[in-house]
Amino acid sequence: MTKKRIVIFASGRGSNAEAIHDAVASGKINGEINAVVCDIPGAGILSKAEEWGVPAILADRKKFASREDFELFILQAIAPYRADLICLAGFMRLLSSTFISHYENKIINIHPALLPSFRGLHAQGQAVAAGVKIAGCTVHFVVPDMDAGPIIAQRAVPVYADDTEDTLAARILTQEHPAYVECVTLFCDDKLQVNGNIVTING
Ligand code: GRF
């Protein structure tokens with residue numbers, strides 16, 4: 001099977017991107033990372049991309065007058081890479097329905113909560129504040145609504161009485177990496193099927 005062409009979008013340190021990179025390098029994921037897109041100058045992901053020898057596209061949101069211009073720039077910049085899959089890995093921008101329509105069912109995201117609970121920012125802090133006893137992460141296909149879209153996989157972790165947003169985030173992160181790698185692996189092996197809101201895994 002032909003290797004899938006992957007473009008990663010990230011805004012920060014890039015530990016999920018690194019997990020995907022490592023799984024590509026080891027041959028677990030039947031794909032190749034063709035480019036990285038980042039919206040924050042100086043973000044850790046940019047040095048990681050350089051280390052990997054992967055082209056990095058910096059789209060500094062502040063340099064664009066509107067979201068339309070920002071997204072158009074990204075669409076044009078990634079077009080030559082003919083992505084089969086876009087992985088949002090800590091990408092802190094909401095993509096418009098126009099952008100998403102160019103890559104329908106080809107954009108996936110990881111969110112540090114058991115969706116549909118705790119969408120948006122500080123999901124781990126929201127979980128601590130709500131007093132839930134189980135938290136986790138969700139990998140899902142991206143739709144225009146924030147942190148919504150067909151769920152591919154979730155992993156759970158316990159929440160302890162003395163947890164803070166940071167301690168819970170660290171525990172969830174240990175599950176994010178294998179969860180994201182598992183989902184990208186399934187995607188690249190053509191094993192994911194989406195019917196409405198339901199994702200089924202073939203085979
Ligand atoms: C992760 O917690 C991810 O779930 C969230 O942003 C964080 C990114 O971390 N969307 P990293 O940059 O992958 O280390």
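Glycine residues also receive a Cβ, built from the backbone N, Cα and C atoms like all the rest.
On a predicted model such as this, the values are computed, not experimentally measured, just so you know.
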TrEMBL records Arg67, Met92, Arg93, Leu94, Leu95 as (6R)-10-formyltetrahydrofolate-binding residues. Which of Asn34, Asn109 is assigned to the same site?
Asn109
Among Met92, Leu94, Leu95, all listed as binding-site residues, which has the most CB atoms within 10 Å of its CB?
Leu95
Return the member of Arg67, Met92, Arg93, Leu95, Asp147 nearest to Ser15 (N(1)-(5-phospho-beta-D-ribosyl)glycinamide binding site) in space, with distance defined Cα to Cα and candidates limited to these recorded positions.
Met92
Relative to ligand 1, which of the binding-site residues Gly14, Ser15, Met92 have a Cβ found under 6 Å from one of its atoms?
Gly14, Ser15
With a 10 Å radius around each C-beta, find which of these recorded positions (Arg67, Arg93, His111) has the fewest other C-beta atoms nearby.
Arg67
Tell me the Cα distance separating His111 (active site, proton donor) from Asp147 (site 'Raises pKa of active site His'), rounded to the nearest angstrom.
7
Binding-site residues compared (Ser15, Asn109) - the one with the fewest other Cβ atoms within 10 Å:
Ser15
